[in-house]
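*Asks:* My questions all concern the structure below.
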Amino acid sequence: MFPMVTGFINYGQQTIRAARYIGQSFMITLSHANRLPVTIQYPYEKLITSERFRGRIHFEFDKCIACEVCVRACPIDLPVVDWKLETDIRKKRLLNYSIDFGICIFCGNCVEYCPTNCLSMTEEYELSTYDRHELNYNQIALGRLPISITDDYTIRTILNSPQTKEKACD
């Protein structure tokens, strides 16, 4: 008879423990009810990137001295720098500069080690194309600045919403 009583006691303890665990998880679920949604509706809303986000590389042709430090700093030797030595002034003249973003790993070493700061990382992350050859950007395509995400109308609306302002005050 005692084994049957201890079996009922164990069953009762396990039932109480399971009810407590269910109650705890339900309280956690209810605590998330007052929070703002984290998911963004991607094609209609854009992700606000962090300050140090490593997106597409921006290149300023006039600042480049064709030193090829970016090529040596790149772990995959990606930037293609074509230059010509001007014998009369004994300096290199940059002819072409290109980066293939289909191969780039966006490590940012080229930007970090550039002595003239002609390279910078932008907040542009929408680089998808149907043809991989379109991901090879020359100096003209690299020189275009993207539209800032914070200038987008939908992002400004989200940032100016009362819910976001209340969250910032807390």
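In case you wondered, yes, glycine gets a Cβ from its N, Cα and C as well.
Got these off Swiss-Prot a minute ago, pasting:
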type    : residues                      : note
BINDING : CYS64, CYS67, CYS70, CYS114   : [4Fe-4S] cluster 1 binding site
BINDING : CYS74, CYS104, CYS107, CYS110 : [4Fe-4S] cluster 2 binding site
DOMAIN  : 55-84                         : domain '4Fe-4S ferredoxin-type 1'
DOMAIN  : 95-124                        : domain '4Fe-4S ferredoxin-type 2'
*Asks:* Same chain only, sequence gap of 6 or more: which residues have a CB within under 8 Å of the CB of CYS110 ([4Fe-4S] cluster 2 binding site)?
*Replies:* ILE57, CYS70, VAL71, ALA73, CYS74, LEU78, PRO79, LEU119
*Asks:* Write down the Cα-Cα distance for CYS107 ([4Fe-4S] cluster 2 binding site) and CYS64 ([4Fe-4S] cluster 1 binding site), rounded and given in Å.
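*Replies:* The separation of the Cα atoms works out to 20 Å.
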*Asks:* What's the CA to CA span in angstrom from CYS104 ([4Fe-4S] cluster 2 binding site) over to CYS114 ([4Fe-4S] cluster 1 binding site)?
*Replies:* 17
*Asks:* Measure from the CA atom of CYS107 ([4Fe-4S] cluster 2 binding site) to the CA atom of CYS114 ([4Fe-4S] cluster 1 binding site) and give the result in Å, rounded to a whole number.
*Replies:* 14
*Asks:* Calculate the distance in Å between the alpha carbons (Cα) of CYS67 ([4Fe-4S] cluster 1 binding site) and CYS107 ([4Fe-4S] cluster 2 binding site), and round it to a whole number.
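*Replies:* Distance between the two Cα atoms comes out at 20 Å.
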*Asks:* Looking only at the domain '4Fe-4S ferredoxin-type 2' (95-124), what is the model's average confidence as pLDDT?
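*Replies:* Mean pLDDT, the domain '4Fe-4S ferredoxin-type 2' (95-124): 94.
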*Asks:* Report the same-chain neighbours of CYS107 ([4Fe-4S] cluster 2 binding site): residues 6+ apart in sequence with Cβ closer than 8 Å to its Cβ, ordered by sequence.
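*Replies:* In sequence order, ARG54, CYS74, PRO75 meet the Cβ cut-off.
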*Asks:* Treating G and I as helix alongside H, and B as strand alongside E, what does DSSP give for the domain '4Fe-4S ferredoxin-type 2' (95-124) in helix, strand and coil?
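*Replies:* So the domain '4Fe-4S ferredoxin-type 2' (95-124) is made up of 5 helix, 9 strand, 16 coil.
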